[in-house]
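Trainee: Okay, handing you the structure first.
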């Protein structure tokens with residue numbers, strides 16, 4: 001333990017706990033003040049990099065959308081800041097028939113662009129070839145009944161009398177029949193092969209556009225998202241694209257073509273009666289299918305909504321697996337999931353039973369028409385006006401219509417389902433991006449070294465609870481700046497506003513004299529590096545998560561960044577080293593290890609403006625001090641503007657300036673010594689934390705060790 005005289009100057013201020021007094025028994029209650037002080041427990045970092053580790057889950061930050069305010073300007077700013085309330089895109093809201101029809105046509109027109117894209121002659125050639133093959137297949141199919149008729153009529157002779165065989169009598173017709181059927185099948189399969197790339201390319205483009213749009217949406221959308229339902233809706237929508245494109249090209253128009261050909265043949269060969277029955281059958285069949293399918297749509301929507309809810313519950317429970325276990329709530333989560341499954345079960349039963357009704361009605365209409373036409377043909381055979389071959393041909397032609405008709409029925413059903421699925425997908429693309437660039441936005445120019453200025457800034461996530469209230473302060477370029485205050489006073493919100501996750505409702509934010517709303521988002525965010533409270537990690541390797549700070553970084557640069565973040569040696573001890581996977585959201589490593597990986601990212605990105613939001617809260621004292629030493633050396637060597645948000649005041653007492661927030665307003669500013677001499681809120685927070693160390697002998701020991709380490713950590717330029 002170092003003598004008190006050897007401690008850093010910020011820990012040796014006379015009159016402010018220079019004498020701590022005797023240790024207070026452990027049972028003595030902790031001090032509590034009106035400023036809602038958060039006490040942090042110093043603990044040893046554990047996790048994947050420590051064999052005796054347990055993961056440390058963190059609670060995600062939640063937000064709520066900002067409702068419109070009374071004044072017009074405030075309304076506009078509020079909407080830009082946090083978005084106006086919208087209906088849940090994943091809840092299949094019932095709409096009127098006219099609105100649904102408009103939405104369906106809009107989707108059809110949008111998808112037509114992928115079928116016949118401008119300046120893409122390759123796609124146009126494939127679509128044209130596929131259509132040609134389709135027409136060829138339909139023509140061959142229509143010829144099959146003619147060959148069948150010829151075969152039957154040729155065979156309707158006395159073979160013994162003419163001394164012939166099946167081959168000599170009908171051989172050529174049999175061969176033509178087989179070749180025609182083979183040709184029709186071959187054309188259909190070639191059509192599918194040629195069109196496959198068109199459908200897959202469209203799926204890829206739509207899915208990429210939706211994903212790109214989701215990444216452009218503001219933070220408010222993603223804080224209120226339902227991950228499981230969202231991914232399920234995207235999956236269903238992309239699958240629906242292929243079916244919709246195939247239906248548009250290969251089912252709807254071709255079926256109409258085939259029906260027209262059959263009606264024309266029946267009229268020409270056998271008279272208007274046969275064609276009239278065929279046409280009436282088509283009208284009745286189509287009308288019944290469309291009407292019944294429209295009635296069934298609501299059951300499909302209910303099933304989709306229940307499916308989304310079930311996926312959301314399942315993903316949410318599995319992601320928060322540890323929380324479920326901590327509170328023994330497995331039965332509760334199973335009950336939640338089962339409730340969603342029950343809703344899906346009920347809706348699916350309605351879908352299935354209504355489908356049975358639809359199929360029965362379709363078969364009844366078709367079978368009635370077939371029986372009527374066979375009766376007319378049989379009368380013709382009996383009267384001698386038709387041959388047995390004609391009877392067979394009529395039967396074949398009508399049965400040949402059954403295939404496209406059945407397709408038409410199922411296609412319409414699935415087409416409606418695909419349109420419903422794609423409606424959600426395309427609605428995601430219609431979500432407004434609230435945080436946008438001005439048309440004349442220019443790249444951020446840091447010609448003053450990165451001075452940050454907040455001028456009369458007012459902002460709140462909810463109109464009834466503003467976070468920042470007319471806040472004004474300046475963060476000088478190249479200095480270490482700290483922001484402290486009770487929880488909920490707006491410390492982390494400052495970063496969100498600077499990063500333009502939200503826009504201010506009043507006032508403005510300047511970086512080197514440039515309003516952040518006047519510069520490009522890419523240049524602004526490229527200049528800012530962040531170590532957040534809850535470090536986001538991908539379910540990938542350690543190397544990938546570090547390299548995410550700069551995607552084009554080499555392996556050597558990744559290692560150097562890890563070394564400066566004091567995590568390289570721990571990584572090297574792992575069997576797979578930098579290839580070790582960190583698990584979903586980094587759950588396989590501890591909070592301290594997450595923070596060091598986040599700092600590695602920041603070092604690799606090397607931005608001009610650095611934000612540390614409780615960046616070392618999960619580290620043990622030794623690691624924290626060694627890491628702060630490296631961070632301070634970087635700040636000193638490169639003169640970076642840095643902002644530290646902290647509850648543990650010992651980690652920021654060497655800052656050039658400290659800003660104290662209270663209830664969204666700037667309460668105090670100054671150096672550590674100046675604020676203690678002011679004897680205001682900061683002094684009260686400091687004294688309360690010092691008393692907490694005095695009351696806990698273990699914390700006292702850690703504090704002494706921290707102070708001793710701090711003697712080496714703080715650069716001379718920071719000691720005041």
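Yeah, the Cβs are placed from backbone N, Cα and C, and that goes for glycine too.
This is the feature table in Swiss-Prot:
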BINDING   296, 297, 298, 299, 300, 359, 360, 361, 362, 409  glutathione binding site
COMPBIAS  48-57  compositional bias 'Polar residues'
COMPBIAS  70-82  compositional bias 'Polar residues'
COMPBIAS  697-709  compositional bias 'Acidic residues'
DOMAIN    127-417  domain 'ABC transmembrane type-1'
TOPO_DOM  149-171  topological domain 'Mitochondrial intermembrane'
TOPO_DOM  376-390  topological domain 'Mitochondrial intermembrane'
TRANSIT   1-49  transit peptide
TRANSMEM  127-148  transmembrane segment
TRANSMEM  172-195  transmembrane segment
TRANSMEM  245-268  transmembrane segment
TRANSMEM  270-290  transmembrane segment
TRANSMEM  357-375  transmembrane segment
TRANSMEM  391-412  transmembrane segment
Trainee: Can we call the transmembrane segment (270-290) and the transmembrane segment (391-412) in contact, meaning three or more C-beta pairs below 8 angstroms at a sequence separation of 6+?
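Mentor: Taking Cβ pairs at least 6 residues apart, the transmembrane segment (391-412) and the transmembrane segment (270-290) are in contact, with 3 or more under 8 Å.
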Trainee: Against which stretches of its own chain does the topological domain 'Mitochondrial intermembrane' (376-390) lie, if we need a Cβ under 8 Å and a gap of at least six residues from its ends?
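Mentor: Distant Cβ neighbours of the topological domain 'Mitochondrial intermembrane' (376-390) are 148-153, 156, 269-270, 273-274, 277.
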Trainee: Hey, what's the Cβ neighbour count for residue 300 (glutathione binding site) at 10 Å?
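Mentor: Counting Cβ neighbours of residue 300 (glutathione binding site) within 10 Å gives 21.
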Trainee: Counting other Cβ atoms within 10 Å, pick out the least crowded of the binding-site residues 296, 298.
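Mentor: Ranked by other Cβ atoms within 10 Å, the binding-site residues 296, 298 bottom out at 298.
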Trainee: For the topological domain 'Mitochondrial intermembrane' (376-390), how many residues does DSSP put in helix, in strand and in coil?
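Mentor: Final tally across the stretch: 11 helix, 0 strand, 4 coil.
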Trainee: Going along the chain, which residues at least six beyond the ends of the transmembrane segment (245-268) come within the CB cut-off of under 8 Å?
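Mentor: That would be 108, 111-112, 114-115, 127, 130-131, 134-135, 138, 141-142, 191, 195, 198-199, 202, 274-275, 278-279, 282, 394, 397-398, 400-401, 404-405, 407-408, 411, 414-415, 418.
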Trainee: According to DSSP, which of helix, strand or coil covers residue 296 (glutathione binding site)?
Mentor: helix
Trainee: State the count of C-beta atoms found within 10 angstroms of the C-beta of residue 362 (glutathione binding site), not counting that atom itself.
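Mentor: Taking every protein chain into account, the count is 21.
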Trainee: For the transmembrane segment (172-195), give me same-chain residues lying six or more residues beyond its boundaries with a C-beta closer than 8 angstroms to one of its C-beta atoms, as numbers and ranges.
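Mentor: Sequence-distant neighbours of the transmembrane segment (172-195): 126-127, 129-130, 133-134, 136-137, 140-141, 143-144, 147-148, 150-151, 154, 166, 245-246, 249-250.
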